[in-house]
């Protein structure tokens, strides 16, 4: 079994452990494990119920409603997590057709930094469309490759990036709901202990053990996955992949050092349009699984009033790689005119991962 499979199996075990043990050993006994007669079997509790205007009676009558309010959203988010995890794992990220060649008109081309010729993958023996990279783990070129994710045992690319973003979003939501319910359970147990009521629904030693384990595991997942989700939302907002953001950091460092002039990402269409490109046109359905639109071979480029934008072209003609406008341009940067410093700096900014 490969390392990716072990990691994916561990991810499945982790999600399953939190989802099952938190409900079977904590939430279900808490919400369903106490009979009303047990709540009222002492004189003190009966007196408290009378003095409080039937607090315990009202609590039991609302118990099933509260259980639905707590557990239905939690289990729905778990279901969406599993669905999108499956789609991310089983959906092919997309690869360029073996017979794909750069268009004669020069659209949708990215150039190598050294020879300024169209990028070509010697391993796959095919040209690379814009934003395409070769994955050594999957042993193939991936369209709009973001990264190889061992947690899903698959590359994250053009066709499954939306599923991946939904998966980590629903994971964040699920672990957040679980954390809130765990905290609420502990707080209610503390209040009951202070008031001396509902003693029959206090957590047992076994439940306390699972509460502690779930708090550690769920809290760790929530912390890590929320950071990852925030990072990918930032990438979507600027219409860059993880690989492109790494390259962008290198270029920004050279800009700060004054080695090259300022450059911009031509794929950035605006925050709303960028999210629609990945998650779909209707914001109300962004978290619902849906296939990507497009072929992963051409991408819209932001229209700018400069030498790099040909206003005579139609909107469809603008859906090409920014680097197709010049053999000296970086994948997601404006072309360099050669006046910004030594060629080594210019080539570094044009380098493709």
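Backbone N, Cα and C atoms are what each Cβ position is placed from, and that goes for glycine too.
Model, not experiment: these values are computed from the prediction.
Taken verbatim from TrEMBL:
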COMPBIAS  309-318  compositional bias 'Acidic residues'
COMPBIAS  344-353  compositional bias 'Basic and acidic residues'
DOMAIN    116-248  domain 'Palmitoyltransferase DHHC'
REGION    309-353  region 'Disordered'
TRANSMEM  6-31  transmembrane segment
TRANSMEM  67-86  transmembrane segment
TRANSMEM  167-187  transmembrane segment
TRANSMEM  208-234  transmembrane segment
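Among the recorded stretches 6-31, 167-187, 208-234, the one sharing the largest number of Cβ pairs closer than 8 Å with the transmembrane segment (67-86) is 167-187. Counting residues of the domain 'Palmitoyltransferase DHHC' (116-248) by DSSP class, helix then strand then coil, yields 79 helix, 17 strand, 37 coil. Here the domain 'Palmitoyltransferase DHHC' (116-248) has a mean pLDDT of 91 out of 100.
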